[in-house]
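Heads up: the structure comes next, in structure tokens.
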Amino acid sequence: MLRMRTAGWARGWCLGCCLLLPLSLSLAAAKQLLRYRLAEEGPADVRIGNVASDLGIVTGSGEVTFSLESGSEYLKIDNLTGELSTSERRIDREKLPQCQMIFDENECFLDFEVSVIGPSQSWVDLFEGQVIVLDINDNTPTFPSPVLTLTVEENRPVGTLYLLPTATDRDFGRNGIERYELLQEPGGGGSGGESRRAGAADSAPYPGGGGNGASGGGSGGSKRRLDASEGGGGTNPGGRSSVFELQVADTPDGEKQPQLIVKGALDREQRDSYELTLRVRDGGDPPRSSQAILRVLITDVNDNSPRFEKSVYEADLAENSAPGTPILQLRAADLDVGVNGQIEYVFGAATESVRRLLRLDETSGWLSVLHRIDREEVNQLRFTVMARDRGQPPKTDKATVVLNIKDENDNVPSIEIRKIGRIPLKDGVANVAEDVLVDTPIALVQVSDRDQGENGVVTCTVVGDVPFQLKPASDTEGDQNKKKYFLHTSTPLDYEATREFNVVIVAVDSGSPSLSSNNSLIVKVGDTNDNPPMFGQSVVEVYFPENNIPGERVATVLATDADSGKNAEIAYSLDSSVMGIFAIDPDSGDILVNTVLDREQTDRYEFKVNAKDKGIPVLQGSTTVIVQVADKNDNDPKFMQDVFTFYVKENLQPNSPVGMVTVMDADKGRNAEMSLYIEENNNIFSIENDTGTIYSTMSFDREHQTTYTFRVKAVDGGDPPRSATATVSLFVMDENDNAPTVTLPKNISYTLLPPSSNVRTVVATVLATDSDDGINADLNYSIVGGNPFKLFEIDPTSGVVSLVGKLTQKHYGLHRLVVQVNDSGQPSQSTTTLVHVFVNESVSNATAIDSQIARSLHIPLTQDIAGDPSYEISKQRLSIVIGVVAGIMTVILIILIVVMARYCRSKNKNGYEAGKKDHEDFFTPQQHDKSKKPKKDKKNKKSKQPLYSSIVTVEASKPNGQRYDSVNEKLSDSPSMGRYRSVNGGPGSPDLARHYKSSSPLPTVQLHPQSPTAGKKHQAVQDLPPANTFVGAGDNISIGSDHCSEYSCQTNNKYSKQMRLHPYITVFG
């Protein structure tokens, strides 16, 4: 549905369009004519139809496009969809030259041509079409003059008919004149303004002669009349009488002729004129109308009207006839005489073109040529001629004249060369790319001849040896006067061989003599962008120093292009990966650096440089640019740490690695080659330049010095050189090379424990020290022997010996507890000491206790000494004594017991002279000299002597007041006890080495750049120990070790009868 700008005009518009239905919607084997309907005077962008849909072409991919080759003055087409619509210029049917003399609705049309173009113009089809322009009611019918004058003789009989001037309407058909109306003048008497109409339904056949007498009605025609009342208050009793009536007749040429009929008597003496209103109305919707004053003058009698010999005159006229050439003579006769019989000829309802081209002699009726007539402009003239006498009033007759303009071969063929598809063509020059395919249409050639028949039959050809040929644009046989051809390429084009062709096209018609014409087209072969820019090298490598100034040129890359013009103009660009770092001049190819390069951050840049030409399509080439950033000595050497801390074990062999420092230089080459030095070198350490490993030149003694601190300097090889320093702290770690030393109790001392002591009574406290540090000095106490009754236990940490069992009669006597003290080193070192406990109420015989302690020093540690061994025997003897009442038996028994006791005691004394090398039934603990460690040599100045670490030390005074040397005095000569091992002991002699020596060796210490700092003392890496000091308690200190020596028995007469021991006794109770 079309939208009109005004409501009234829209109704006529819509009825005139009915909209835009194509008359041909399919394409059969041959191309058909596309026909559409369109109402005139429509706005822009009114849809007419879809060419693609009507041709059955699928659109949407963009590969097939449409182009309007002709008709673009009023029409336009969408290149992709094929939608045909109106352009900005309005279509006025009445102003179209081809519709001036057209009275058939289907004969007024606009021609157009549409080309359908395949992909890359590989094929082109041309289709013709017509848009039939439908008339709308846009013109108002008008009379020749606003006042029409008609002369009527008085006393004319009723029924006399007079022809009235006709109105003209530029529209036709139903929009043309439909009816005439006669309106009574207001105030003129009669019917007081009443109107009567004579229209299409009121019309009658046009009378043959059209006369104006009583018989003017002619024959065979029915009439509808409109009365005009005579006023003036005459004899008409009603004041009104009918005088005139309007009748409309249909003429042979299809027009409507208004006629005035006399209905009443006319008396000039009573009234000499009448003024009526004649209205004309067309058949449009809404209708248009206009009116004129019809002035009727009553005159004397003119009896007869002129009459033409024919109602229709038809003649042929050759075009281009010279002005003045007679065509035909119109003849009419009038029976009147005198002035009433004199006839003059005038044009009737004729168009302006008729009056411009023809001349009608008013007296003779000769029709002649006024101006040359061109058949190509007007092929037929149809008009009316009026014959009018000179009577008062004059009478008229009308005849139709039809002139057929005959053709002459007066037009040379016309050659029009237009663009087709996407090939540009302007001012007779077509630009064709060299890579077009053979048989590609490059232009549309239309050859036409305005002549008719053989004069308009045209043939066309291409002149000369050019790679082009003409092919018909349509497969159908169309109008021979108008032919269309495609100008195709016949061979490949080569820009390098020929860059321009002058194509001459000649057209010849078939007239006699024939006429010909020619037209030319310059075809310029365009260079195709078929060569990409090329670089001389696929990889360009440059070296550029760091710390540059932004904006410096790094390198220049150049590319060449074998094409020409825009196709050879090159623009350079860089990868987006280095945008901001580098830039390139798009014209010169100079690569510039935008920032300061730092080789230590990025030492190499690799990117692509693209060279693009400016052709269509754009082609490009590329090369890889590698920028190696050259180093400058702008970085100091850098140690991984400002302070390196290492831990090494004491007694490490000289020239052993003690640590490793790591230093780096962000520079490169000689700037990164470094030399390492130890500042303030005291010849204790050296450093390896390549690895940074630090070596010691001596063996470390933790007891001598625990830490070493020095500085390491690194100097690079730059010019000038750069340097850096770091501090190295070396901590000497302790080795478990000292066994625990027991300070209390002494081996010869004992503790008196009353039998009434309660459980958890503290019996004694074992105190020991260790010269080592850390976990090597963590001591653990344990009872390893002499506790068969489980009466005692020792706190493993504090060394406190407590009573844990109830003492009974059988527990009376001496108890020898073997206590072992172990450190926590790896491997562990240990020492063994003796704790003597005498269970009794009091010490009644100190000598006997001293004797028992002395004997216990020679008894193997595997043999328990706990309580009175003769307790059971004494109990039996007591039973015998109780049983024997007799005195003699008692005396005898006592004597025997005393004798046996003395005998046994004497025997035992001889047995305690152990210590001689030839007696191997038992052994005592002996400390072994540690001669392996050089640092302990100063402690071993005395000769090696057996040390009784497994016996009780008893302090006694010599008779002269000096302190008796005990067996344990030998221990002061050696700092630690050796490992226990069996020396040909007798049966039952213990192997203390098997029971008490440590097993696993120290783990291997790996050197690292920095030794880890130990946490707790039981970690794998020990904390640095304090100074290794040995704690002693005078000459009689018992020092034990986990190293066990051979047992040797040396009494040196220390336990002879002449000697009396005065032991220290601790008494509980």
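Cβ atoms are placed via backbone N, Cα and C, with glycine included.
Predicted, not measured: the structure shown is a model, and the values here were computed from it.
Around the Cβ of ASN79 (N-linked glycosylation site), the number of neighbouring Cβ atoms within 10 Å comes to 15. Swiss-Prot lists ASN79 (among others) with the feature N-linked glycosylation site, giving sequence analysis as the kind of evidence.
The domain 'Cadherin 2' annotation in Swiss-Prot covers 144-308.
According to Swiss-Prot, the compositional bias 'Gly residues' annotation covers 207-221.
Taken from Swiss-Prot, the feature domain 'Cadherin 5' covers 536-639. Each residue in the domain 'Cadherin 5' (536-639) gets a DSSP state, and the totals come to 7 helix, 49 strand, 48 coil.
Sequence annotations record features per position, and here Swiss-Prot assigns domain 'Cadherin 6' to 640-742. Sorting each residue of the domain 'Cadherin 6' (640-742) by its DSSP state yields 4 helix, 48 strand, 51 coil.
What Swiss-Prot records for ASN689 (among others) is N-linked glycosylation site. Around the Cβ of ASN689 (N-linked glycosylation site), 12 further Cβ atoms fall within 10 Å across all displayed protein chains.
Residues or ranges marked as N-linked glycosylation site by Swiss-Prot: ASN747 (among others). ASN747 (N-linked glycosylation site) is surrounded by 28 other CB atoms, counting those within 10 A of its CB over all protein chains shown. Following the DSSP three-state reduction, the secondary structure of ASN747 (N-linked glycosylation site) is coil.
What Swiss-Prot records for ASN780 (among others) is N-linked glycosylation site. Under the three-state DSSP scheme, ASN780 (N-linked glycosylation site) falls in the strand class.
ASN822 (N-linked glycosylation site) carries a strand DSSP state (E or B). According to Swiss-Prot, the N-linked glycosylation site annotation covers ASN822 (among others), on the basis of sequence analysis.
Taking Cβ-Cβ distances under 8 Å and a sequence separation of 6 or more, the neighbours of ASN840 (N-linked glycosylation site) in its chain are LEU752, LEU753, PRO754, PRO755, TYR812, GLY813. ASN840 (N-linked glycosylation site) falls within neither a helix nor a strand when secondary structure is assigned with DSSP, and so counts as coil. If you look up Swiss-Prot, you'll see ASN840 (among others) marked as N-linked glycosylation site.
Using a 10 Å Cβ-Cβ cutoff, ASN845 (N-linked glycosylation site) registers 11 neighbours. The N-linked glycosylation site feature in Swiss-Prot is assigned to ASN845 (among others).
Within the model, the topological domain 'Cytoplasmic' (901-1069) shows a mean pLDDT value of 38, rounded to a whole number. The feature topological domain 'Cytoplasmic' is assigned by Swiss-Prot to 901-1069, with sequence analysis given as support.
Per Swiss-Prot, phosphoserine is recorded for SER989 (among others).
Look at Swiss-Prot and you will find SER1011 (among others) tagged as phosphoserine.
Its own atom aside, the Cβ of ASN822 (N-linked glycosylation site) has 22 Cβ atoms within 10 angstroms in the protein chains shown. Look at ASN845 (N-linked glycosylation site): DSSP puts it in coil. Cα-Cα distance from ASN79 (N-linked glycosylation site) to ASN689 (N-linked glycosylation site): 82 Å (rounded to the nearest whole number).
There are 16 other CB atoms within 10 A of the CB of ASN780 (N-linked glycosylation site), with all protein chains counted. For the pair ASN822 (N-linked glycosylation site) and ASN780 (N-linked glycosylation site), the C-alpha distance works out to 5 angstrom. Checked against ASN845 (N-linked glycosylation site) by C-alpha proximity, the glycosylation sites ASN689, ASN747, ASN780 yield ASN747 as the nearest. Cα separation, ASN747 (N-linked glycosylation site) to ASN689 (N-linked glycosylation site), rounded: 59 Å. Reported as a whole number, the C-alpha separation between ASN689 (N-linked glycosylation site) and ASN780 (N-linked glycosylation site) equals 47 Å.
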